[in-house]
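Here's the structure we're looking at; comments come further down.
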Amino acid sequence: MEVTLLNINSLGYCLRQSIVSIYRNFWLVLVTAGIIAVSLSVFGGLLLIAVNTGQIIRNVESNVEIAIFLYDEANAEEIQFKLDNLVGVRNSTFVPKEQGLEEFRKSMNMAIPLDGLSGKNNPLPDLFRVKAVRAEIVPELAREIQEFPGVEYVEYGEKVIDILNRVTGWLNTVFLVISSLLALGAIFLIMTTIRISVLSRQEEIGIMKYLGASNSFIRFPFILEGMVIGWLGTLSAALVLGVVYYRLVVLLKQEALAFFVQPVTDMEILLPLLIGLLVIGTLLGGLGSMVSIHRHLKV
Amino acid sequence: MEVTLLNINSLGYCLRQSIVSIYRNFWLVLVTAGIIAVSLSVFGGLLLIAVNTGQIIRNVESNVEIAIFLYDEANAEEIQFKLDNLVGVRNSTFVPKEQGLEEFRKSMNMAIPLDGLSGKNNPLPDLFRVKAVRAEIVPELAREIQEFPGVEYVEYGEKVIDILNRVTGWLNTVFLVISSLLALGAIFLIMTTIRISVLSRQEEIGIMKYLGASNSFIRFPFILEGMVIGWLGTLSAALVLGVVYYRLVVLLKQEALAFFVQPVTDMEILLPLLIGLLVIGTLLGGLGSMVSIHRHLKV
Amino acid sequence: MIEFRNVTKSYNNSNHPAVANVSLRVERGEFIFLVGPSGAGKSTIMKLLFREIMPTTGQLFFIKRNIINFTERDILKYRRLIGMVFQDFRLLKQKNVYENVAFALEVLGQSPRKIRQKVPVALEKVGLTGKEKAFPSELSGGEAQRVGIARAIVKDPLIILADEPTGNVDRDNSKQIMKLFESINENGTTVIVATHAWDLVDRMQKRVIALKKGRIIRDEQYGGYATEY
Amino acid sequence: MIEFRNVTKSYNNSNHPAVANVSLRVERGEFIFLVGPSGAGKSTIMKLLFREIMPTTGQLFFIKRNIINFTERDILKYRRLIGMVFQDFRLLKQKNVYENVAFALEVLGQSPRKIRQKVPVALEKVGLTGKEKAFPSELSGGEAQRVGIARAIVKDPLIILADEPTGNVDRDNSKQIMKLFESINENGTTVIVATHAWDLVDRMQKRVIALKKGRIIRDEQYGGYATEY
Ligand SMILES: Nc1ncnc2c1ncn2[C@@H]1O[C@H](COP(=O)(O)OP(=O)(O)OP(=O)(O)O)[C@@H](O)[C@H]1O
Ligand SMILES: Nc1ncnc2c1ncn2[C@@H]1O[C@H](COP(=O)(O)OP(=O)(O)OP(=O)(O)O)[C@@H](O)[C@H]1O
Ligand SMILES: [Mg+2]
Ligand SMILES: [Mg+2]
């Protein structure tokens, strides 16, 4: 009497069984999916915040300017050309000394008479304002430009750049720590939930073993079930996140704030996030089930 | 044969029973406490972030300055006196026109000769720099100072203040939304966990009812157990948060950033947070148990 | 003391009733055997009496009061008067033998001193001295059944309802358990036993109520398991 | 086919062994009754045979192979040869009667067509036709027990181990079940039944092994429940 441990009949049976099981354990399935949904919503929400914070910082960074003060005898056009061809420069503007004086006057107060300083008496130099593509390269860029002939002095918000870089680094660390903790927490939660749900069927698993069921035969429906649960949970999480995020985006767009805080709406960034969540959820459900029933599979 | 539904013997029994039950269900107790710990850690972590963000913003806000430009003939001392007695002013500094020129020269570039503008030729006015206790009152303050005799013009970072106020409002909303969601999620998780743990004893509860046990008699050990579990979970959460936060504080203190991002270490703020968490956790555990067994208590 | 009036019980997903139009009077102090083939409705009658389930139609009285209208509080008080032996034992898995038996007294709010006195006596009566510390999962079938019996008798109930109390117990133990019920009955307790132990039923010559497909087909004052009319 | 060599089984929290130094040979095609008082060790011997538990000391052979050294895969294959009736039924709560019986065949990887043929036959043999859709919680004690029996016989096992298969079943049903085992035995299946049904043991005159406190006190080729030497 030769017996195989798993054949095509068994596979069909397992598949049917998963469906019946989800149907009969409806409530438990719902709760488990709910817990996964909550965990992943929080986690996904954090990711969205991180993505947006990154965007804001990049926004601020890209507004950092390098001011290039020229000698009176400098060739502005040549420098302009050189700047335009310099890697890392986003754009550059020439500010003649007259404009500089005007800006100064404005910044002080219109009512103050500076007429005596116009024309020949203007003590200010011509200058270029340059924006870099990223904040990190500003110091490097400044050093290079300093070497250009005709450039007297290069200045940039050293302090601001410094602070920005530190803040970015700090935020990255914080986000990494928080999201690792959250991820660990979510995994722990999901595993525990599945484990408890398996625990409630411990007896059943035992009986199956007594009837000669192999581990894969017992495991398979559980894993399928876990994957469906994980997938359901993630889908709900994605839905919740999507709706909340969409509302926030609309809200922000209406606010004058929109310019300052531009929410990421790029599908190129958001779609992988969504798909990633779905994959993670499904895997978590499946793997969670697998690990959880492992301890109950001893003969 | 008169029977009372709950007497002193029963109370003693319930108390003993809770302890025995925690001991025998060690694993389940641990998992439940763990889930509460994770939920509350995340929630508490968010609160800490909120508290600190608030502090940073207040920090930035308190550095917003009002510049007060004076007429040449103004009485600086009188204005100084008035400013010192104005509600909402944190401090004020007098900047004579010579110092203003010096600062301007520095901000442009030392190398630029502005010698011709010193003394009588100085086109700049004297001015006061005033810091407010809170950013919101700056516009109000500016309007008041404008009315002082001898004040030609008052200026402040209208844009910065505006942005700060908006950011603060926005962050408050975001934090409110996230923490409400998190709180809901945490409550859901804890309730579910306790419910599942009760579910696994559904049979036992049924048998107790068959033996004539009253609802309070059955409920009491569960609620006590739930409270202990909630309390254990919260304590762990507090411990984890405490250690992580302490490490972060130490790290930040070492960094030069410390000035920019000063973590809140005030026990007056942190202690109520901790106690609040403990109370919430204990109540959650107890109430969670109560609600969860409710559905199993039908005769 | 107990009266069934045209009681019918149909379970939801079943086409014919488990108990059909049963009328029955039980006086205080009676000893009754409930017999009949598997699925005849013996356990259903026990559950109706215990108010674990409600009749679909009909009335059910306990000392002139209709059990059906009992409030939750009434039910609890009523159950405390009854010592029930369940066919599927229903021991508290988390409690050991001693605690399971003691629980019946804790529920009544009896003092720890009284409990410490009574429990060992009950365990002795069913022959389980020495098994106090064992948990239900560590008992043999017959031992578990006897814990259920000890739990029912320990509280000196007004009525004992025993559903198949000797199904997992050997011949000698069965005889002893029946003797135990008999002596408790002699002290005034009403005893109703559902059983397949035909030899004991035959030997004891008590009132026998025979069921078949939910109907009473025989009710003899001094009968056997399968007495012919 | 089966041999116990000085098998002793002591449970952890028990001072005397449940099975003590038992030696025993069972040939292919035998029909054996295991009798003895409650707690004598009958179920323990069944569990040892089924390799649900391991002996504390001693050897246990199945067709010359030592069961104790079985790998997990061996155990599964071994169990598929055995039809076990558990004293506590062990039905799958989440499956209905039909599915519970079918499960024994699903495990063997039999085709849906074959399963649809065999399950109704087995249910008919134990008298449960019409109860296919009921879940274990909706069965009477005897019905649940018979589902367990149907599950054991449906797969045409090499050995049937039945622990107290008639404890909750009435007299007629008990006789019928024993007849069922007898006819299966006549087709070559080895049958071992632990039971308290003394009348059936007496009537059938098969090999009887009597246990007391874990020791074999009698092993007769054609014996009764309590034959004196
Ligand atoms: N919860 C339920 N849901 C549906 N049907 C049920 C339920 N409980 C019992 N039944 C059915 O009602 C009938 C009577 O059951 P009952 O348990 O009263 O029989 P019994 O006389 O105690 O039998 P046994 O001797 O086997 O214990 C049986 O056919 C059974 O299948
Ligand atoms: N898991 C266990 N842990 C500890 N002791 C156990 C365990 N299982 C059984 N025992 C003890 O071992 C002894 C023999 O038990 P076993 O179940 O073999 O008896 P049995 O002959 O089947 O009795 P019954 O006729 O009542 O079913 C009993 O005293 C029992 O209490
Ligand atoms: Mg019954
Ligand atoms: Mg046994």
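Every residue gets a Cβ built from N, Cα and C, even glycine.
TrEMBL has this to say about the protein:
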TRANSMEM  A:26-51  transmembrane segment
DOMAIN    A:64-154  domain 'FtsX extracellular'
TRANSMEM  A:174-199  transmembrane segment
DOMAIN    A:177-293  domain 'ABC3 transporter permease C-terminal'
TRANSMEM  A:220-249  transmembrane segment
TRANSMEM  A:269-293  transmembrane segment
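Beyond the ends of the transmembrane segment (A:269-293), by six or more residues, the same chain brings 36, 40, 43-44, 47-48, 51, 186-187, 190-191, 193-195, 197-198, 205, 218-219, 222-231, 233-235, 237-238, 242 to within a C-beta distance below 8 angstroms of the stretch. Model confidence over the domain 'ABC3 transporter permease C-terminal' (A:177-293) stands at 79, taken as the mean pLDDT rounded to a whole number.
With DSSP states grouped into helix (H, G, I), strand (E, B) and coil, the domain 'ABC3 transporter permease C-terminal' (A:177-293) comes out at 103 helix, 0 strand, 14 coil. Sorting the domain 'FtsX extracellular' (A:64-154) by DSSP state (H, G, I as helix; E, B as strand; all else coil) yields 39 helix, 23 strand, 29 coil.
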